[in-house]
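Colleague: Heads up, here are the entries from TrEMBL:
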type	residues	note
COILED	94-128	coiled coil
DOMAIN	736-836	domain 'Alpha-N-acetylglucosaminidase C-terminal'
TRANSMEM	401-425	transmembrane segment
TRANSMEM	445-464	transmembrane segment
TRANSMEM	542-563	transmembrane segment
TRANSMEM	569-593	transmembrane segment
TRANSMEM	634-658	transmembrane segment
Amino acid sequence: MGELFRSEEMTLAQLFLQSEAAYCCVSELGELGKVQFRDLNPDVNVFQRKFVNEVRRCEEMDRKLRFVEKEIRKANIPIMDTGENPEVPFPRDMIDLEANFEKIENELKEINTNQEALKRNFLELTELKFILRKTQQFFDEMADPDLLEESSSLLEPSEMGRGTPLRLGFVAGVINRERIPTFERMLWRVCRGNVFLRQAEIENPLEDPVTGDYVHKSVFIIFFQGDQLKNRVKKICEGFRASLYPCPETPQERKEMASGVNTRIDDLQMVLNQTEDHRQRVLQAAAKNIRVWFIKVRKMKAIYHTLNLCNIDVTQKCLIAEVWCPVTDLDSIQFALRRGTEHSGSTVPSILNRMQTNQTPPTYNKTNKFTYGFQNIVDAYGIGTYREINPAPYTIITFPFLFAVMFGDFGHGILMTLFAVWMVLRESRILSQKNENEMFSTVFSGRYIILLMGVFSIYTGLIYNDCFSKSLNVFGSSWSVRPMFTLYNWTEETLRGNPVLQLNPAVPGVFGGPYPFGIDPIWNIATNKLTFLNSFKMKMSVILGIIHMMFGVSLSLFNHIYFKKPLNIYFGFIPEIIFMTSLFGYLVILIFYKWTAYDAHTSKKAPSLLIHFINMFLFSYSDSGNSMLYSGQEGIQCFLVVVALLCVPWMLLFKPLVLRHQYLRRKHLGTLNFGGIRVGNGPTEEDAEIIQHDQLSTHSEDAEEFDFGDTMVHQAIHTIEYCLGCISNTASYLREAEAHFYEQNSRYQLTLWGPEGNILDYANKQLAGLVADYYTPRWQLFVEMLVQSLAQGVPFQQQQFDKNAFELEEAFVLSTRRYPSQPQGDTVDLAKKFFLKYYPRWVAGSL
């Protein structure tokens, strides 16, 4: 159980694998997934290693499988996935796999080549069929006496007086429909208007034999006179990639050609159908096994790649490998080696030998389906050093709980929990479906995170007494209005004449004590509801945030103790905890003190904690309008600020100076100073123990050459980061609470939870204002900067974006004019105004 809170203990092991058993042993270790191989040939080029030819063969098989997969997906054939994990084929089976893949690839390429040729021929015949049909229509139209008289008037003047008959040539072809306007203008300009163009659209799109796309084309016929114009027309047609076809001049010949073309089209269609059927059969047979083939090939490739990391002894009969592996899994690793040796048929067993090393092992944290998502969240921020405390188990609670503190809605928490429970109950079926939707896969992988977030949201929602922005009156309110009628003589006229009346908790009987659980539902109708809840939630955020940060600093103490680094305790942990406690721990104490020291009778005299905390750093205590919380406050706060300031040089200077002193002591260990010259002297018994301890320590800070400058810079960075981080992290909790406040404020004012409100209105309008004023500017900023970076070919400026986004957030949370905490007017009227702004076309029908 202790290993859950700290990374696994690792050891460096040396493996001696017989050449004939190495392949199977590595395969078994790969299936186990508990070892990390080290590269024992770092100076050898990747193309000069022993198994490079086998890796190339696997890559070639993988390429062929990708080609087959591409053809399967192009044909919209589903790939069968039974979830089977096939065993790795033996090296002797690689020849059969290569032959099988080669056969399928060649067969598909031959089918594709023949099919492309047939489709090209089919396209040409189809185009010729439409040309013959359309040109016959052109000539029939030209045979019309009225049209003939109108069109011939353009040609007769040029032929008058010559006495020779007029004879025109023509060419016919097919061109893409979108090129017709440009084609027509080019003909007109190049031929100076001495050609006559007729074109007609082909109703049905035609399939491109190369791409398989359907394109729209048009038939054209061009009339001209003379060979010179004929050459120009053909060159223009060639430039526009138009297909020209021979067209007989007489109707009888066109009719006979059309009949022959139709016959050939019918024959080609039959052949194409048979070819496509054969292609479908080949692809369907491959689709049943291609996933298994992929797994086998990639496992083989991984094995040979791993074998290239091994060293070969001089006898060429044994492979030597070094692996990092968990100590707790050594037995299972040895069992996997025995199993691999048995499968290979070797009689010589493989040997595992543990090695002693000063190198830092890799960090390995065991996970399961529940902790996997939380471990990924931690690893996204950074992976800890070997044997450091793993934050993931604590994140299981802190991450969803802090989310729920900011979210805090009982109704939404139920919806989130139900969705997560549905994913958890159906996880086996969902995993078997192999959903390729990236968005859903991301959500599904975090199903347990969402489950805990929903459960904690239900808990915090009950505490906040918030269910879809509505309070639940379960136990009855502890506030009573009756004493106000008795003491202040309230009447019905008082109620009608005052839109807002204030209950005085100092009056006996008005406030009957705390609500049994959560916040009293009476606050749901109070005009100062948001002011009260904002103050409460911001103080809770500060308390929980500071506790969270102090817990994280406290965990570092266990690391320092485990790694036996007393300097980090004396000059790191202690000043850090004092610094945080003196400032922010004191703030938490002030919050609890104010909650307990002031009640309903003295609340008007309660001073502002914010003003006090600011004056604490300014050493300003002359503000008469903000009274002291307790006697001696000025002296205590001055003392705490001085202590916090002293912690800064404590963290910054002491550790580097002590490390420098220890380094110089070790450097001069075993020497004596005679007249400024160091003379060797044998080490004492105590000094020998120190030397031996330093040599065996795997976590020694001075294992490398000590550099005081680097150590000083590193310590300065750490000190500045910690001091500023305490302030910025506290501010971030306040910003999150402030953002939650404005989100909740917008929900209350944008929804119709009033006399005429209902749940449907709430669901439709709750975040309209927040999306428009809070999130939309961020998306616009992100898209603008992304487009700018792509246009200029420079990397995305993440720091600039964060800066601008923070300025937007700061402007939003400080701009209370958008969502006033105490709105004036009826809730329905306010909602109408907001709705007019965002959905004006729906107002008439919905409000």
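Placement of Cβ uses the backbone N, Cα and C atoms for every residue, glycine included.
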Colleague: Checking distant contacts: for the transmembrane segment (542-563), what same-chain residues at least six beyond its ends satisfy Cβ-Cβ under 8 A?
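Modeller: Tertiary neighbours of the transmembrane segment (542-563) are 6, 387-389, 391, 394, 398, 402, 405, 569, 572-573, 576-577, 580-581, 584-585, 587-588, 591, 699, 726, 729-730, 732-734.
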Colleague: For the coiled coil (94-128), would you mind checking the mean pLDDT of the predicted model?
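Modeller: Here the mean pLDDT over the coiled coil (94-128) amounts to 92.
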Colleague: Are there residues at least six beyond either end of the transmembrane segment (445-464) with Cβ under 8 Å to its Cβ atoms? List them, or say none.
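Modeller: For the transmembrane segment (445-464), the nonlocal Cβ contacts are 369-370, 372-374, 376-377, 396-397, 399-401, 403-405, 407-421, 423-424, 427, 517-519, 533, 537.
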Colleague: By a Cβ-Cβ criterion of under 8 Å, what residues six or more beyond either terminus of the transmembrane segment (569-593) are in contact with it?
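Modeller: Same-chain contacts beyond the flanks: 539, 542-543, 546-547, 549-550, 553-554, 556-557, 560-561, 609, 612-613, 629-630, 637, 640-641, 643-644, 647-648, 650-651, 654-655, 658, 722-723, 726, 730.
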